[in-house]
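Presented below is the structure to which this report refers.
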Amino acid sequence: VLSPADKTNVKAAWGKVGGHAGEYGAEALERMFLSFPTTKTYFPHFDLSHGSAQVKGHGKKVADALTLAVGHVDDMPQALSALSDLHAHKLRVDPVNFKLLSHCLLVTLAAHLPAEFTPAVHASLDKFLASVSTVLTSKYR
């Protein structure tokens, strides 16, 4: 459960991401594909090379979903319901992959926002991404 301080930290950190959200989303995906090659199996139709338009496009989708979650932090299940349905019923993404992408997102944010990425912000973002992952996998049951 996100505390009021966590919510404040997440909103402030995501605010610093600003117009770079899509870029950071794509970078996190690239990190995931390189660090955890089995995740590539969900994207057989993508050009997974560095800077590809498809990875950039999906990175923007990831970032847009996170922006939506930040904006609806008190009601993520409702806000992310359609996305949860998509990943559970159509795409059938293994839930562990959300944890892998979350880790890569944290690394990407730490690399780009070193001054803002304090231990407290790190912990808040980790809890937030875990909450998003829980929501996205809630319809698997």
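Cβ coordinates are placed from backbone N, Cα and C, and glycine is handled just like the others.
Feature annotations, courtesy of Swiss-Prot:
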- 1-141: domain 'Globin' (DOMAIN)
- SER3: phosphoserine (MOD_RES)
- LYS7: N6-succinyllysine (MOD_RES)
- THR8: phosphothreonine (MOD_RES)
- LYS11: N6-succinyllysine (MOD_RES)
- LYS16: N6-succinyllysine (MOD_RES)
- LYS16: N6-acetyllysine (MOD_RES)
- TYR24: phosphotyrosine (MOD_RES)
- SER35: phosphoserine (MOD_RES)
- LYS40: N6-succinyllysine (MOD_RES)
- SER49: phosphoserine (MOD_RES)
- HIS58: O2 binding site (BINDING)
- HIS87: heme b binding site (BINDING)
- SER102: phosphoserine (MOD_RES)
- THR108: phosphothreonine (MOD_RES)
- SER124: phosphoserine (MOD_RES)
- SER131: phosphoserine (MOD_RES)
- THR134: phosphothreonine (MOD_RES)
- THR137: phosphothreonine (MOD_RES)
- SER138: phosphoserine (MOD_RES)
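Locations of recorded Swiss-Prot features on the structure.
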residue : record              : Cβ within 10 Å
SER3    : phosphoserine       : 10
LYS7    : N6-succinyllysine   : 16
THR8    : phosphothreonine    : 14
LYS16   : N6-succinyllysine   : 14
SER35   : phosphoserine       : 12
SER49   : phosphoserine       : 10
HIS58   : O2 binding site     : 17
HIS87   : heme b binding site : 21
THR108  : phosphothreonine    : 23
SER138  : phosphoserine       : 15
Nonlocal residues around SER131 (phosphoserine), in sequence order (Cβ under 8 Å, 6 or more apart): LEU2, MET76
Integer Å distance between the CA atoms belonging to LYS7 (N6-succinyllysine) and THR134 (phosphothreonine): 17
Sparsest Cβ surroundings (other CB atoms within 10 Å) among the modified residues SER102, SER124, THR134, THR137: THR134
Spatial neighbour of SER138 (phosphoserine) that is closest, considering only the recorded positions TYR24, LYS40, HIS58, HIS87, THR108 and their CA atoms: HIS87
Average pLDDT across the domain 'Globin' (1-141), rounded to a whole number: 94
